[in-house]
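Novice: Okay, here's the structure, questions in a sec.
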Amino acid sequence: MSMLQVESLPREIAAKLLDIGAVALRPEEPFTWTSGLKSPIYCDNRLTMSYPDIRDLVAEGFAAVIRESYPDADVIAGTATAGIPHAAWVAQKLNLPMAYIRDKAKGHGKQNQIEGRIAAGQKVVVIEDLISTGGSSIKAAQAVAEAGGEVLAVVAIFSYQFASAEKAFAEAGVPLRTLSGYSALIDVAAERGIVQSGQLASLQAWREDPASYGK
Ligand SMILES: O=P(O)(O)OC[C@H]1O[C@H](OP(=O)(O)OP(=O)(O)O)[C@H](O)[C@@H]1O
Ligand SMILES: O=C(O)c1cc(=O)[nH]c(=O)[nH]1
């Protein structure tokens with residue numbers, strides 16, 4: 001692949017998500033998110049698994065961020081389920097151990113929440129596919145901390161960049177880095193004529209107050 005330009009990743013990844021139909025707009029029948037919020041948009045980053053060039057672009061992006069900002073990471077830990085494959089690809093690129101974090105401990109077997117090894121004191125980068133409220137990945141980071149790991153950051157493919165999510169990460173003391181996000185997505189979608197200028201204001205207003213949408 002050609003030289004990776006981290007600065008151009010937000011638009012590049014947003015364009016790829018649009019290319020593969022990962023972004024669905026459905027204002028007439030809002031999606032229900034994992035947090036319970038209703039949304040006119042759903043971004044299915046799981047589809048990137050099916051495209052080797054796109055999943056490799058994502059893995060290169062993650063690897064570049066980790067090499068640059070978290071070079072002393074000991075473990076790459078994916079959030080279950082959608083973060084797991086991306087964690088595996090970047091751990092392989094960086095030749096680092098990998099683990100994954102379930103949303104809750106198993107009710108049988110070893111009753112683990114974390115699978116794989118995270119030893120006390122190890123520095124961990126958590127890989128997530130997408131940040132809406134941030135609730136899932138903050139919970140995952142807290143599980144790592146309870147296991148004795150030191151969370152260096154959550155690094156995600158995409159964030160809706162809600163102010164409330166940024167506040168939640170700040171309050172939890174968990175640094176967040178993302179490869180792409182809603183602003184880049186809306187810019188590229190507008191340039192392509194996928195969203196019309198008349199829809200931009202309502203998409204912007206939705207992002208400023210997502211909790212009120214559909215109420
Ligand atoms: O920032 P949040 O508000 O927590 O939302 C984002 C989370 O929601 C999705 O997971 P989902 O619960 O759909 O499960 P999956 O990863 O197993 O598909 C996504 O993969 C993130 O983990
Ligand atoms: O918040 C969620 O559940 C969510 C939103 C979204 O756009 N994509 C996704 O996979 N999950």
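A Cβ is built for glycine as well, from the same backbone N, Cα and C atoms used for every other residue.
Sharing the features that TrEMBL gives for it:
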BINDING   Arg102, Lys106, His108, Glu128, Asp129, Leu130, Ile131, Ser132, Thr133, Gly134, Gly135, Ser136  5-phospho-alpha-D-ribose 1-diphosphate binding site
BINDING   Ser132  orotate binding site
DOMAIN    64-158  domain 'Phosphoribosyltransferase'
Novice: Across all chains shown, how many C-beta atoms besides its own are within 10 angstroms of the C-beta of His108 (5-phospho-alpha-D-ribose 1-diphosphate binding site)?
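Specialist: There are 5 such Cβ atoms around His108 (5-phospho-alpha-D-ribose 1-diphosphate binding site).
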Novice: Relative to ligand 2, which of the binding-site residues Arg102, Ile131, Ser132, Thr133, Gly135 have a Cβ found under 6 Å from one of its atoms?
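Specialist: Checking each Cβ against ligand 2, the ones under 6 Å are Ser132.
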Novice: Tell me, roughly as an integer, the mean pLDDT over the domain 'Phosphoribosyltransferase' (64-158).
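Specialist: Taking every residue in the domain 'Phosphoribosyltransferase' (64-158) and averaging pLDDT yields 98.
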Novice: Arg102, Asp129, Ile131, Ser132, Thr133: which of these binding-site residues has the sparsest Cβ neighbourhood within 10 Å?
Specialist: Arg102
Novice: How big is the 5-phospho-alpha-D-ribose 1-diphosphate site in terms of the longest C-alpha to C-alpha distance among Arg102, Lys106, His108, Glu128, Asp129, Leu130, Ile131, Ser132, Thr133, Gly134, Gly135, Ser136, in angstrom?
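Specialist: Result: 30 Å between the two most distant Cα atoms.
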Novice: Is any of Arg102, His108, Asp129, Ser132 (binding-site residues) within Cβ reach of ligand 1, i.e. under 6 A, and which?
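Specialist: So the answer is Asp129, Ser132.
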Novice: Any idea what DSSP makes of Asp129 (5-phospho-alpha-D-ribose 1-diphosphate binding site), helix, strand or coil?
Specialist: strand
Novice: Sort the residues of the domain 'Phosphoribosyltransferase' (64-158) into helix, strand and coil with DSSP and give the three counts.
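Specialist: Result for the domain 'Phosphoribosyltransferase' (64-158), in helix, strand, coil order: 29 helix, 29 strand, 37 coil.
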Novice: Taking 10 A as the limit, how many CB atoms besides its own sit near the CB of Gly135 (5-phospho-alpha-D-ribose 1-diphosphate binding site)?
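Specialist: Step by step: centre on the Cβ of Gly135 (5-phospho-alpha-D-ribose 1-diphosphate binding site), count other Cβ atoms within 10 Å, giving 16.
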